[in-house]
Amino acid sequence: MNFILFIFIPGVFSLKSSTLKPTIEALPNVLPLNEDVNKQEEKNEDHTPNYAPANEKNGNYYKDIKQYVFTTQNPNGTESEISVRATTDLNFALKNDKTVNATTYEKSTIEEETTTSEPSHKNIQRSTPNVPAFWTMLAKAINGTAVVMDDKDQLFHPIPESDVNATQGENQPDLEDLKIKIMLGISLMTLLLFVVLLAFCSATLYKLRHLSYKSCESQYSVNPELATMSYFHPSEGVSDTSFSKSAESSTFLGTTSSDMRRSGTRTSESKIMTDIISIGSDNEMHENDESVTR
């Protein structure tokens, strides 16, 4: 781009030098050039480095396009703007010599015409921010330098974790409610199983106790026939002696309750025999008493 400007500016100088070149009479403030001024300019040119135009060989072709605008005051009292666009870094040396006013005036007028002759789409591009090229961003990423991001470059940023976690945060209350419901269901199931187990244990204990009570009653059963036969009725007119003898005979021939349980029929027969013997002995004693009284 600089190379094109360097070609374009000398052509404009050669075409319009007759019309734009002011005379010394028209510019009274301009002084003639001296040898000292030329020497100072040569020294300044020696100190200023020469920047080669950007091309593909030197690696500066993909640098950012920068625009510089300078305002200068003309001897007539008007101001002119100098606009420079370049793809490389520029260093400007400002000189405060009065002898250079003629050349600056010529340059300002030429650059004003060039800026007005530029198409409108270039002016529109100036207002938009300069987006760094892909290769410059890649080089800066490799070198480890910080890259300044513009508005358009924000599209390349990764999604922040806060935005990702926002959707997950909405689902967290649902998960918490589900966990609480599961815990309540498990606790209710355990309580129900405990109640069922307790009822089963109480029922089995009641049955075992009832069976043991029945077994005790079966061991000590009473035969009603034997109870009526062994029961003595004193109202039948038997004397005390016969009662005592019958008691002695019953004790002498008596049987225990265990013998009665073992053989129910044998005990009944023995009781009958003892009753018969006791009755016979009572009758004999009664007859003897009557004979003695006679």
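Glycine is no exception: its Cβ is also placed from the backbone N, Cα and C atoms.
Marked as signal peptide by Swiss-Prot: 1-14.
Per Swiss-Prot, topological domain 'Vesicular' is recorded for 15-181, and the stated evidence type is sequence analysis.
In the structure as shown, the Cβ atom of Asn76 (N-linked glycosylation site) sits within 10 Å of 9 other Cβ atoms. The annotation N-linked glycosylation site is assigned in Swiss-Prot to Asn76 (among others) on the grounds of sequence analysis.
Feature annotation from Swiss-Prot assigns region 'Disordered' to 107-126.
The N-linked glycosylation site annotation in Swiss-Prot covers Asn143 (among others) and is backed by sequence analysis. In the three-state DSSP assignment, the secondary structure recorded for Asn143 (N-linked glycosylation site) is helix.
Marked as transmembrane segment by Swiss-Prot: 182-202.
Note on the topological domain 'Cytoplasmic' (203-294): its mean pLDDT in the predicted model is 61. Residues or ranges marked as topological domain 'Cytoplasmic' in Swiss-Prot (evidence: sequence analysis): 203-294.
DSSP assigns Asn76 (N-linked glycosylation site) to coil, not to a helix or a strand. A separation of roughly 51 Å, to the nearest angstrom, links the Cα atoms of Asn143 (N-linked glycosylation site) and Asn76 (N-linked glycosylation site).
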